[in-house]
Amino acid sequence: MSISVIYILISLFQNSNSQWINDESFLEEDKTFIQQTGQWAFTSSGYFILPSTETTANFITCTTPATSYITLTNSYPSAESQSSYSFNKCWISMDLYFQGTWSSETVQYKQGSFTYSYSYTSPTTYSIQTGFCDALPYEVRTVNFTIILTTIPTYGKILFTSTNTNTGLVSIKNIYVSKIKCYPSCSVCTDPEKNQCTSCYYGLPTNNICPPCPSNQYYWKYQGCKDICDIDSPLYSNGFCQYYPINKIDYVYFTMPITYSKNLKWSLIYDQQNVDTSPTIIQVDTQVGENTYIQTYIQGVFKFNSGIYRCFKELSTYSYKYYLIGLKISIVALNDFPINCGIQFKINNTYFGSIYRNASGIQTHKLIISQTFNSKSYSTYSNNKRYDLITYVDIPKYQFVFSAIGNYTDGTAGWGMTEIKITSGYCPQYCTLCEVAFKCKTCYSGYYYYRDGRCISGCSYPYQKFSGSYCYDYDDETPYSQYLIQEHINEAGDPEQYTKYTLISQNGKNFLKASDIYFSYQQGIRIFGGPFVWAQAKFQRIHNIITPHHGVTIAFYILYGPTFPSDGQFIYSIENNTPVIKSTASYGSSNSDGTKQDRVYEKIIHNTNTLTITWECFGPNNEPVKAYCGFYNYYIAVHNCKPYCLSCTDQNTCTSWNSTYDANIVKFSQAECLINQYHDKESVRCLDCPLSCLSCTSKINCQSCSSTYTLTKLGCICTINQYEDSNQCFNCPIECNQCLSFTYCIECLIINNRQLLNGQCNCIDGYYPIALNPQCQLCHQFCKTCNGPTSDECLTCNNIVNIEQVGSTCRCPTGSYLQDAIKTCSVCHSSCLTCFRTTIDGCLTCDPALNRILKGLKCTCAPGYYELNNICTSCPNTEDVSLSQCYKQCNNNQLIWHTITCNSCDSGFQLVSGECQPICGNTLIQGYEQCEDNNNLLDDLCYNCQFQCPIHCLTCDQSTTLSCPDVCGDGIITGVEECEDGNTIQYDGCFNCKYQCQPSCTKCIKGLCFECTTLGWYIDPTVTPWQCKERCGDQEIVGSEQCDDGNTSDLDGCKDCKYFCRIGCTSCDYTTNKCLSCEFPGFVPISYYCKNVCGDGLVVTDPYGFFAEQCDDGNTINGDGCNSQCQFQCQSSSICTSCISNRCEICETGYYLSNDKVCLPICGDSNLVVNEQCENSFILPYKGCINCQAKCQSSCLTCSTSGLGCLSCKDGYNRIDNLCHSICGDQIITENEQCDDGNLKIGDGCHFCQFSCQDSCLNCIKGVCYDCLEGYQLISFKCYPICNEQCEMINKLQIYQRCKSCQFPCDLNCYFCQFGICQQCNEGYELSQNQQYCIKSLYYNSMIIENCQFQIGNSCIQCEIYAQLDNIEQKCNLKETPMSFCQYQLKLSSNVYCSYCFDYCETCNQYNCISCLSGYYLDDNFSCISFCGDGILAHDEQCEMDDQNCLSCMFDVPKFCELYFQDNCQRCENGYYVNQYTNICESKCGDGIIAHDEDCEYNNYIEFDGCYNCKYTCSQQCLNCINGVCQQCNKSSLLFDGLCYAEENEIDLFHECELTLNDECLICQKDYKLNQYGICISESLESCIQYHNGYCLYCAQGYELYENICNQTYQCQKGLYYNQELQICESSCGDGLITGWEECDDQNMQQYDGCYECKFECDNNCIQCLYGECYQCSQEFNLIQNKCLSKCQEPCLNCIQGVCYLCSSGYFLNEYFDCIKITCEDDFSCTSECGNGIIEDLEQCDDQNLINDDSCNNQCEQTCDINCIECIDSVCCQCKEGWRLGLFFCEPICGDQIIVGNEECDDGNQYDVDTCLNCKYQCPQHCNQCAFGVCTHCVVGFYLDIVSNSCNSVCGDKILASDEVCDDGNELRYDGCFQCQHQCQVECLNCQFGQCMECETPFIVVQLKGICETLKSCQDQIGFYNDNFNNDCQSQCGDGIVVDTEQCDDQNDTPYDGCYELLVFLFVEMELLLMSMRIVMIKMINHMMDVLSANFNVFRIVKFVKKEYVYNVIQIIPSRIINVCQTTKMMISILAFLDNHI
């Protein structure tokens, strides 16, 4: 089918929204105007003014309705619009309200050259007086006219003029200008339909229809064809790029001024060869129309290889989901792009696209040009163009660096960056999960799924309906629905609608606007009917439907006037259906103007070509002004048949097709497409997937890829280091990181020492390439540049003095060498030809012309010459003993004259030039040799047999060890040093002799920085070397910056990115930005500035203008004449009766006017007024009235105004008799306390709230002792006695053990003590064995009964008078239960001990906490609990919600993290390691520890050994592998010990076996032995039954594996456990069994309960303990129930040795040193007192507290529950909101959505899957752990989404979650599981649980695999038959044909006939025979091997066969057997026997 036909089909489904649009509207709103004159007067009169003035147009203002009307009168006949407008082909409608007398006068509309006049004649009497303006009589007319100009549009201001010169007025309202909205492809049209085009944006119209774009382009609505959809409209649907609601992640552009903070976030990239610092922000406007330009700023001009970059961090904080990242990049090419020039774009220094020009024109790579604009000229650049580029990239959710870099060679052109927009790609807004493009899988909570895969917030538009969580439009109800009409949906008018409605009948008044006006405007919408139009009339409309269809949907809104009568009706009927009657008795909603509306929705079956609808407004009391009808939001959606269908019953069933229908071409679903096709709904076709895709669901969503391609979100693409050619991906050249082709690179890696130049990755200077290696190698030190293949193939030489270049070799001249330290070729010693140093012993070669030869490292004279004046001179022929050099050495170490011939040399010497010289290189050190290393390498300690070392070596002899350590800092580069700058300064290019740049540098080459893309930094090329510097003003605080506020103001605390205090501050702490002092009085430092102190009584004015006070009355109270801001303020009218300009002039009676114009009260006039507390002049100490103010102590918080004294005190005070008394011991220091340490310890510095020291202190200052009395010494401000007695003080506070007061003490019950050893005990006690304790004699009472007066033995005869005897328990119980410590202390002073008795409590009463500390909140149990999210860190919180990585106030610690601190994991669990980049704990394969994602750990990287890369593996020949151990091998391999071996491999499987027979080991090697399974195992592993690679895997029964050893399992007695390491049975403390060393075992670790750590132990104060039982406590304690309890009572405050010396308040100390409670009888104060716990006199109750809300108030009257609002006689009758009345109290109502009482939450439902159930927090579904309903950890298989607080499964993680049917960890289709749902192949007809049960023909079900395959044919294979179970060809036993694994086939199943089921019986018999022979054979062979081992070499030929009991004989072949002994004959006989029987 041609493209045009396809386009017609597309158009069929294009929304047929035939409508006009509103172009302009005026005077449409109800607003009240204001008369004004001036520049902005028009804004006060609806944008109309009097002509040629700046005065508002004339208007009238009404009360009902509250609005104004522009009105023309004879005085003001004209009104003109403020602005000019351009109209053409427009339809204008307006309402004119006529008043007064009109006689054919006109109202004229004029605009430019266009004029329209309307003539009007008024009636004698106006019949309408309501609905317009108050009660003015009027008539209303709606005037419509059209502006159609054939030439240019009319342009000008709108001018209204009235020709009425009499009393006639006309008011103008509701001016609407509508114009035709053409079809999106039409640039000019006659009407809005798609077939009404006269001109197109692309191409020429055919039959008035515009053509579609070419297949490789996209149609932009109202613009034309582009190469890609715009980034805001990325969805291509219905033939056009459609707007799609994606999120804009960031949008940056350049603007003025240059210092704008967003501009400063960009940084420049400099071309190292052409450094240009001039690029800045310039204006180059963009042309968008013929004469229209938009202001455009660019950063530029960039030339050559310069560019720009910016760090975008917004993606890392982006809270929504995205599917790819959309990038729209706008650049301006100045003088366009020269040829072979362009711009590269990178993300994080990785290339992702480019634009460039080649011979073919402008080209892009991985980017698409969306638009091109011309730009204005700038400077010398005239041919300027703007390019908008779009691409989509797949990058992670982190901040990234975007960079654009030029590649220009032409300096006359350049470019600039304009803007960049970053979007969420193809993922719509409000989506929490996008798995494919343009389709949200999960919307945000509260959002609905919508067409095109979007999420929308509501479904409330007039054309929408709900369907579960999906919101659909009327034209979305079926796949082929489309709108027939959409009318009256906005304010636009449509002149064609007049002819479409037919008036059937009418009654009464209608159509007051004119007889042909059927519409009006209501609340900004054009409605049919409405006010002044429709009251009693009937209309009909017939719609024509040309498309075959099966149904229609009709919907509209009914509008009723504000006084529509109850008997009025709105009646509509559709076709011949029964009419539907509507009325206001049941309407949908009402509007603010009193009108009501109702919604009509009808979906009917319909298939005819016409649709008839009638509407009637009916009712005798209806009238058109207030009681009218109307309808709007009129929609009809036609539910079409399938394309090509002529008739149908529904959208799926076609009953008749048209003639063009071809089922082979037209397809309606994906199921009808091939696997490499996708279904295109718009063209109703199956279209081919992109060539790179094997399968796909759309053009952009590939499911699987062709070979060489990689599947990504971008589709099937080539990887980053590949290029695409001929629909295949090929690897880039090895030197390229990215490339366009094999010959053109686009990115090189710096780490490979390469740089990009003209599409090639060339080595940087100083490096050369080598084949097959991406990394360039360093050139020789002589070369500046080189080209290889070796390092000394130089192109240019290095900067070395005297160096020379010969060909490709750079070298020092002959006779010189490189002196590295000074970079110079230095001259050798004159005796050397070549050398390695300048000294005489630095020669390498000698010049024979100088008669010199090399000896060692010196050039000495040759034999026959001697040294004379540095010249080798010929020796005389006559022997001269004085010329020792003329002698030469010969054999026997003798010296002979040079003329004598030497014929031989000693060993190790050789004849050279006639003399014997040592042979260098023979490993012998002889003669003048110093060393021997058998080589001639320099700098390796020995050269030419002489010690020689590198130049930096200080000594060189036999003790020298090379290499010499590098000395970093010596200025010499040696060894592994990369550089040497002789200092230790960091970031100067070299540090620790390694190249180093600043940490912010992102491109460092040899210590030189060339790029700083780190956020907040930029590169400064103006310094040498280039440096990274902080970018001040970019709002990023980095480096040395203290602040960065993005501005240059010095008044906000930050200037030049340093802290700066504002003017007026005289002293500033610049480290904390805190002002310390101020310049003027009345100001105080606050933060970085000085501020006036309002309320200090000083009226000050800041001379710098920041703050100013008008007044200051010494307080900050408002309403007293001077407000809290110290500005004048009028007082209340009851105080000041006349106030002018906030200053009082006249005061009310009782006040006088002060000099400050403030009314002050007159004290003493007996008139109590505001601000007076009292008027009576009684004066008592702290209980009086002074100056009309109440007088109390300074410690009083609330003072009585009636002279009673203090009503409440400050903290730290108790109120007694209305006076405040300080509380000693509450740790609050009050005015009369020196200190308060909360205790009464003597000598601790504070006692009774006064400073005190020890008695032995001589000089005490504020509780600190500075000097001691004589006999004491001062240590740490404490006095200690100077001991000269039994024991001494040592080491300051350390004393000898048990030394007290310089004496060794004994037990308290010791009668006679010597040096700590008791000699005799008191009566009733006896000595312990160690003579340290006096224990109570067993003949005495073993316990003391407390409160007993007379005791005999363990029985009490008589109790004390305050106790009574319990004969059963033999106890004396107190008659009055003593109060606990907290009860007593809280009653005494509740505030002091609040925090002690109640955790985190601040204030409390005697019973409960009533307020908590900061960060804690009171619950229903009066306990203080923390609340997560309040911003205050509590004890049970690790962090607060605003903190990073904080979830539910606990750090969201990475999995497997053991130590987490400051947002980072510091240490992981064992077997895991911190990844510093991702901050997560990862396992490390090879560490020997098996982690969660590892199967095994063998500590090696050997493949196929059972474990590889920490995953179980088997050999490649293994068919069934379980846990790394093979269970079955393929047919060509043998299984042994869990491994598969090939038959042809002649290797020994039995590593520890000495002799094998028939694949069985007979004899093991030394230290190994055969076990019962025939395996050689280590003797230490005798009990191992499975052994592999030296490791035991399983032990035999009765043994257990421990550290690769099988130890016998020992049975220990009960209570003992076997220790494998020590191999002993030992006890275990805590098991409740006393064994071994244990003395006791109480199964706990609680101290002082008799047994601790399985040892007896007593109370800490017990002095006699026996077997955990305490028999005696120390003196101040009583023994009660094996506990030592204090003898003193609880009310005792000071107890010494069991005697009380001080009682607490409310008690007195009697003569027996007991604390007795003071009663009212004791102090004669017995009166009725509320709060004493006794109900007396008129009291109804007494609960001993002053809490009003606990059913007994502080007046001792019964009250109701605090939540009761109606209480009668203490009985609650009604509760507060949120509470319901229970039996006696108000109970919370769970489910009312109000959280009260003990409710944690209340969501108003009983769903058990949300976070609140029964008003208590619960975890969300699939959540394993949560806090306050917020999930912190999900169950396995689910992942936490913090935003939605839900646990979601992730398909593809290989974890089967509860909402997944399967999860195979891949996205492969047809492998049994796809998208976590069972899925079979396409050919499968019946799929159950991923297994196919039935296949379509010609396929069959392979039962073994559960898949469909074609039937495998076995017809051509004789003896093979098809096996349907596995669809394979297999042999069949019994067919007489021996094939495959068969060894025989006798065509029967008779056993024992030689062939039966594969010789099973034969094999069994053979096995039994072999087993019986094996023992005899082993003994014989052991003996034979001893005999043979001396004379025979035995080798084995091992042939591997199948394991089925078939053996081949091992032949032992002796290589030198001459005489075969008897033993050998025996061996051969045995082998022959075996050969015959096996």
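Cβ atoms are placed via backbone N, Cα and C, with glycine included.
Automatic prediction, not curation, is the source of TrEMBL annotations.
Record features (TrEMBL):
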- 1-18: signal peptide (SIGNAL)
- 426-456: domain 'EGF-like' (DOMAIN)
- 688-717: domain 'EGF-like' (DOMAIN)
- 735-777: domain 'EGF-like' (DOMAIN)
- 785-826: domain 'EGF-like' (DOMAIN)
- 834-873: domain 'EGF-like' (DOMAIN)
- 885-917: domain 'EGF-like' (DOMAIN)
- 1121-1160: domain 'EGF-like' (DOMAIN)
- 1248-1280: domain 'EGF-like' (DOMAIN)
- 1301-1335: domain 'EGF-like' (DOMAIN)
- 1396-1425: domain 'EGF-like' (DOMAIN)
- 1687-1716: domain 'EGF-like' (DOMAIN)
- 1759-1787: domain 'EGF-like' (DOMAIN)
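Within the chain, the domain 'EGF-like' (735-777) has long-range Cβ neighbours (under 8 A, six or more residues past its boundaries) at 344, 346, 350-351, 354, 365, 720-721, 723, 725, 783-789, 791, 793, 1003, 1005. Taken residue by residue, the domain 'EGF-like' (1396-1425) breaks down under DSSP into 2 helix, 13 strand, 15 coil. Same-chain neighbours of the domain 'EGF-like' (885-917): 853, 855, 860-867, 875-877, 879, 924, 926-927, counting only residues six or more beyond its ends whose CB sits under 8 Å from a CB of the stretch.
Sequence-remote contacts of a segment are chain residues at least 6 beyond its ends whose Cβ falls under 8 Å from one of its Cβ atoms, and for the domain 'EGF-like' (1121-1160) they are 1092, 1094-1095, 1099, 1109-1113, 1167, 1169-1171. For the domain 'EGF-like' (1301-1335), the model gives a mean pLDDT of 74.
Taking H, G and I as helix, E and B as strand and the rest as coil, DSSP gives the domain 'EGF-like' (1248-1280) the counts 0 helix, 19 strand, 14 coil.
Here the domain 'EGF-like' (1759-1787) is broken down by DSSP into helix, strand and coil counts: 0 helix, 18 strand, 11 coil. Across the range of the domain 'EGF-like' (834-873), the DSSP-based residue counts are 3 helix, 20 strand, 17 coil.
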